[in-house]
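So the structure is just underneath, and the comments pick up after that.
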Amino acid sequence: METELHLAAGYCAATGVYRSGHPPQFAAAAALSFPEYILPHMLLPGRRARPAFVDASTGAALSFAGLRALSLRVARALAAAGLRRGRVALLLSPNSLHFPALSLAVLSLGAVLSAANPLLTPDELARQADDAKPFLALVTGELAPKLRSIAPDVKLVLVEQLLADVAAEVDDDETLDLPAANIGRDDAALLFYSSGTTGRSKGVVSTHGNAIAMAASLERAWGGGGGGGEKPQQYDDHDEAYGCVLPMFHMFGFSSFVMGTAALGATAVVVPGRFSVEKTMAAVEEYGVTRLLVVPPMVVKMVAAAAGDGEPSRRRLRLRQVVSSGAPLQREHMARFRSCFPAVNLGQCYGLTETTGIVTMCDLQHNDNGIDKVEMPPSSTDMTFVAVAATTTEVKERSTGGGGGGGGVSIGRLMPDVEAKIVDPDSGELLPPRRTGELWVRGPSTMRGYLNNEEATALALVAAAGSVSVSGGGERWLRTGDLCYVDSRGLVYVVDRVKELIKCNAYQVAPAELEDVLATHPDIHDAAVAPYPDKEAGEIPMAYVVKKQGSGHLQEDEVISFVQNKVAPYKKIRKVVFVDSIPRSPSGKILRRQLKNLLQGSILHRSRM
């Protein structure tokens with residue numbers, strides 16, 4: 001029985017490695033750049049005139065042939081501005097019809113693309129610019145003053161003017177070709193920033209080979225029905241439309257739409273601006289969106305809107321699947337979604353900036369979301385039995401209580417060419433199915449490392465002696481920092497996080513960064529920040545504050561306001577509790593697990609007053 005369990009999970013007891021159920025596909029010897037790989041996809045039979053991207057707010061569309069031509073024209077203009085191989089281009093822009101073309105143009109020259117969140121404060125943006133050292137910045141007119149104020153020496157290229165200039169060119173699209181940039185698959189392509197527990201974002205360097213691997217992986221997973229199953233009979237790549245409400249300046253959105261849908265040949269419907277259920281569902285209906293990629297707060301809002309006004313019954317939807325990532329999706333939200341949208345499959349995927357996108361995904365064919373059937377890890381290390389909870393009631397009763405697992409909801413199966421280990425954080429033991437440990441992954445999409453940070457790279461990427469990847473992904477394993485287990489079917493579950501990051505509205509918030517800000521307040525003696533559960537946001541940052549002597553007047557709203565003016569909106573402190581001291585180890589490290597006890601003590605104290 002145990003052997004059968006291991007085989008079904010893709011687990012090899014001899015090596016301790018879990019392997020994807022997909023056949024290996026990555027061509028390690030292919031000496032291509034990402035543009036050399038992706039741009040020919042746009043001229044495949046039947047794709048030239050098909051919309052690659054549609055702006056749902058205006059109806060404007062860009063065909064695959066048009067996307068290719070625009071990318072190459074913009075590349076020519078940027079080359080004239082001095083951008084070339086190895087130089088960094090910062091892209092500061094919200095989602096738009098032209099975001100992918102701007103990105104592909106930069107990559108076509110062998111330059112490195114570093115996208116930035118427009119919501120960053122000037123100080124936060126300055127830190128990224130100082131670290132990335134961009135040669136030039138592609139920026140919208142609205143955001144240009146912010147960037148000019150913090151990086152006066154960086155050459156600014158206004159997106160609106162650039163697009164107007166290349167639109168005036170009259171040469172034949174068919175004669176356009178890639179610039180001779182001499183780019184290799186091991187050259188740096190992307191420099192996206194990932195939050196860290198040190199409080200400073202780290203620049204994640206992904207190569208052209210990483211990007212190719214992710215595009216090929218998504219093409220296979222989505223083109224095959226979602227995760228290893230055969231294509232549904234009615235499935236047609238040419239008829240697929242993906243709803244784009246995710247920011248493309250984050251890796252989930254970038255990999256999904258600049259890599260995935262472009263490789264698949266599917267149309268991406270961009271819904272610009274702040275997320276709105278009304279705008280999104282209108283676009284889903286009007287443009288026949290079949291798959292929608294979201295983060296959990298969007299699911300919560302969709303359910304609330306549907307329950308409030310009968311949204312699904314009034315709309316004729318082709319929507320088949322909603323895929324959520326960025327933070328755990330709670331079981332209760334999945335159940336409510338299913339009752340509101342019974343014809344739509346809701347599942348999760350999992351990925352990191354360090355993996356250049358998605359590494360696990362729920363299978364559309366096999367209903368991998370785990371809401372109907374979930375295997376919990378045994379309460380002990382005894383592996384002589386299989387614990388299967390077949391109903392929601394049983395699952396709730398047997399929940400492990402982990403804060404990150406969404407109540408036993410699967411994050412899917414390993415993507416093509418991805419391998420994994422489950423490692424005991426204390427002993428380093430490699431664990432079999434249904435044992436909980438830290439998830440390590442490797443594959444051809446795993447990052448090269450962190451920019452100018454050898455120490456962080458060495459901690460994150462672990463070389464395993466004598467271990468060679470079967471997928472051409474190298475020998476280094478990425479430590480994800482997440483506690484997970486794999487069940488007997490090969491489904492992966494997140495139980496908790498080893499890392500201390502707060503996931504607020506699917507954004508990563510580093511407690512140490514907020515603690516540094518709080519430490520500058522003249523009336524605060526000591527402070528710590530930890531997550532506080534929130535129904536809509538998942539988690540919100542909450543501060544534990546020790547007042548300085550003589551500062552009894554300090555109030556919660558003053559602390560919140562002080563931090564709010566110094567960080568991006570999603571990072572701001574939402575709650576404050578005043579305590580006598582912050583629990584720390586002898587070395588001064590905050591004992592974060594004990595902060596919950598401080599909160600309970602504070603609540604109990606107030607209830608007795």
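Here, residue 1 is simply the first one shown, and the rest follow in order.
Just so it is clear, glycine is given a Cβ too, placed from its N, Cα and C backbone atoms.
Straight from Swiss-Prot, the features:
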- Ser194, Ser195, Gly196, Thr197, Thr198, Lys202, Gln348, Thr353, Asp482, Arg497, Lys589: ATP binding site (BINDING)
- Phe252, Ser256, Gly326, Gln348, Thr353, Met361, Lys499, Lys503: (E)-4-coumaroyl-AMP binding site (BINDING)
- Arg274, Ala506: CoA binding site (BINDING)
- 276-348: region 'SBD1' (REGION)
- 349-450: region 'SBD2' (REGION)
Residues of the region 'SBD1' (276-348) by DSSP state, where helix covers H, G and I: 38 helix, 12 strand, 23 coil
How many other Cβ atoms are found within 10 Å of the Cβ atom of Thr353 ((E)-4-coumaroyl-AMP binding site), counting all protein chains shown? 23
Within 10 Å of Gly326 ((E)-4-coumaroyl-AMP binding site) (Cα basis), scanning binding-site residues Ser194, Arg274, Gln348, Asp482, Ala506, Lys589, I find Gln348, Ala506
Excluding its own, the Cβ atoms lying within 10 Å of the Cβ of Ala506 (CoA binding site) add up to 21
Anything within 10 Å of Thr353 ((E)-4-coumaroyl-AMP binding site)? Look among the binding-site residues Ser194, Ala506, Lys589, comparing CA atoms, and list what you find. Ser194
Just the number: how many Å between the Cα atoms of Ala506 (CoA binding site) and Met361 ((E)-4-coumaroyl-AMP binding site)? 17
Whole-number answer please: how many Å between the C-alpha atoms of Arg274 (CoA binding site) and Phe252 ((E)-4-coumaroyl-AMP binding site)? 17
Measuring C-alpha to C-alpha, could you say which of the binding-site residues Ser194, Gln348, Asp482, Lys589 are within 10 Å of Met361 ((E)-4-coumaroyl-AMP binding site)? Gln348
Can you figure out which of Phe252, Ser256, Lys503 (the binding-site residues) comes closest in space to Lys589 (ATP binding site), comparing Cα atoms? Lys503
Cβ contacts within 10 Å for Gly326 ((E)-4-coumaroyl-AMP binding site), all chains included, total 25
If one measures from the C-alpha of Asp482 (ATP binding site) to the C-alpha of Ser256 ((E)-4-coumaroyl-AMP binding site), what distance in angstrom results, rounded to a whole number? 22
Among Ser194, Ser256, the most crowded of the binding-site residues [Cβ within 10 Å]: Ser256
